[in-house]
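Participant: Questions regarding the structure given below will be posed in turn.
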Amino acid sequence: MGYFITFEGIEGSGKTTQIGLLGEQLESLGYSVVMTREPGGCAISDKIRSILLDADNSSISPMTELLLYAAARAQHVSEVIIPALKQGNIVLCDRFSDATLAYQGSGRGIAREKVDTLNQLACQSLRPDLTVLIDCDVSVGLERARRRIETASGPREERFELEALEFHRSVREAYLELAHAEPQRFITVDGSGGVEEISEAIVAQVLQNRLNNTSHALL
């Protein structure tokens, strides 16, 4: 079995950039790495992603949103993540089940037990071995996210960026609470620094504190 690392953070935290940098670093050290994302990661889940992130779909109810995320995750786990882990890869995933607890649980106010039940079903009880939380101020993150959207080509995936500041503050607080509750699984990194500085902090902690001391064989 491989090793499963997830990246979490609010909009504009820089996790997508950092997951790519960690992947490159691990590959340079000889590890076999699969990088993926949620929502999405495979053809069916990418179609669900287009619904979830399209700002024109602002009328999606919280429960519909939760169920769509669960459906996308169920397909992604079955088609991509579990097969990659069985092949012995390190899987790096941009968002996973913690995002649902933060966004749909805390942000949307859906009861924790409902989110937990759907997460367990969609994940087939799979849990990350390690989660990297990149934390940053909400205003800073949203400004970064909006700049990215304005310069990106393709569909404008901005439904969550258009939410009120209070929504994003609730999501950030939920992430910090999750990290506090499971310090053995979470690495929390300050996302306010430069890209290289953040990358060095993540690589150092992943390699020195986790991979070298884990019971998982990463050969």
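Here the Cβ of each residue, glycine as well, is placed from N, Cα and C on the backbone.
Sequence annotations record features per position, and here Swiss-Prot assigns ATP binding site to G9, I10, E11, G12, S13, G14, K15, T16 based on sequence analysis.
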Participant: Where among the binding-site residues S13, T16 do you find the Cβ with the fewest other Cβ atoms within 10 Å?
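Facilitator: Relative to the other binding-site residues in S13, T16, T16 has the fewest Cβ atoms within 10 Å.
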Participant: I'd like the number of other C-beta atoms within 10 A of the C-beta of G9 (ATP binding site), please.
Facilitator: 26
Participant: So, in DSSP terms, is G9 (ATP binding site) helix, strand, or coil?
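Facilitator: Its secondary structure by DSSP: coil.
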